[in-house]
Amino acid sequence: MTQQIDRYAVFGNPIEHSKSPFIHTLFARQTNQPLIYTAETAPKEGFVEAVKAFFAEGGKGCNVTLPFKEEAYQFASRLTERAQLAGAVNTLKKLDDGDIIGDNTDGAGLVQDLLQHQVVLAGARILVIGAGGAARGVLKPLLDQKPTSLTITNRTFSKAEELAVLFAAYGSVTAKEMNTVTEEYDVIINSTSASLSGELPALSSSIFAANSTSYDMMYGKGDTTFNQWAKQHGAAHAYDGLGMLVGQAAESFMLWRGLRPGSKQILRELRKNLEGL
């Protein structure tokens, strides 16, 4: 009798350009884990039905991307602490008792990538640009690294204020209006998607301290719009979100398989794939 190969997937809409199957196939090869990982388009109004069917047909776990992370949060029968704080789920796993646990590995992926680049977060002055789901998902893991301060700025100030209140118990968190952000920061994280449309947040270029690091969660061929601007105005280091993508995937893989794959080689392969080399 042939053994059933464990099935995993990523659900989103659109999903055609997802790098997750590429990443997880390499993880599986690296760790000698027999599994299949596919990209699945869920209808905009049919995410829950699609995921239920996937698990009913024997699926073991899945990643969830836009626009379904909040729905996945509602769907999960149990949540990790970091998923509860993120208010969104990017990883689902079916447990032996049939329950579906929801996790959010985005923040862990970001922190892992920053630390791999030797970015010092302990004692740092961190600025997070944006106050949407991407920002909310990474605040707790960033605060766990014990920065001196974490400032959130956003076009709609009230959203930044809401996040500052929500995470106040976990460290020194403040919200600032964009036009009042003039002091220097050690680590500047752009959680907005502005770079995808070639736009920049309305911020002063005085935010980059000596030896500062710019991190844009978006990625593409070459530097993002935000990182180009950061380097022009004094950022000593600039990284895009491709390493975060690999890091959050490694964290998901760990949740599913109990093994942590190595990220460095996979990131190199993914970068080559992205550049069309």
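Here the Cβ of each residue, glycine as well, is placed from N, Cα and C on the backbone.
Between the candidates Met217, Met254, Swiss-Prot assigns the NADP(+) site shared with Glu81, Gly130, Ala131, Gly132, Gly133, Ala134, Asn154, Arg155, Thr156, Phe157, Ser158, Lys159, Gly241 to Met217.
Asn90 is the only one of Asn32, Asn90, Asn190 that Swiss-Prot places in the shikimate site (with Ser18, Lys19, Ser20, Thr65, Asp106, Tyr219). Shown are the binding-site residues Ser18, Thr156; of these, the residue with the fewest other Cβ atoms within 10 Å is Thr156.
Closest to Asp106 (shikimate binding site) in space, going by CA atoms and restricting to the binding-site residues Ala131, Thr156, Ser158, is Ala131. Among the binding-site residues listed (Glu81, Ser158, Met217), Met217 has its Cα nearest to the Cα of Lys19 (shikimate binding site). Within the set of recorded positions (Lys19, Lys69), the lowest number of other Cβ atoms found within 10 Å of a Cβ is recorded at Lys19.
Within 10 Å of the C-beta of Thr65 (shikimate binding site) there are 17 other C-beta atoms, taking all protein chains into account. Taken residue by residue with DSSP, Asn154 (NADP(+) binding site) is part of a strand.
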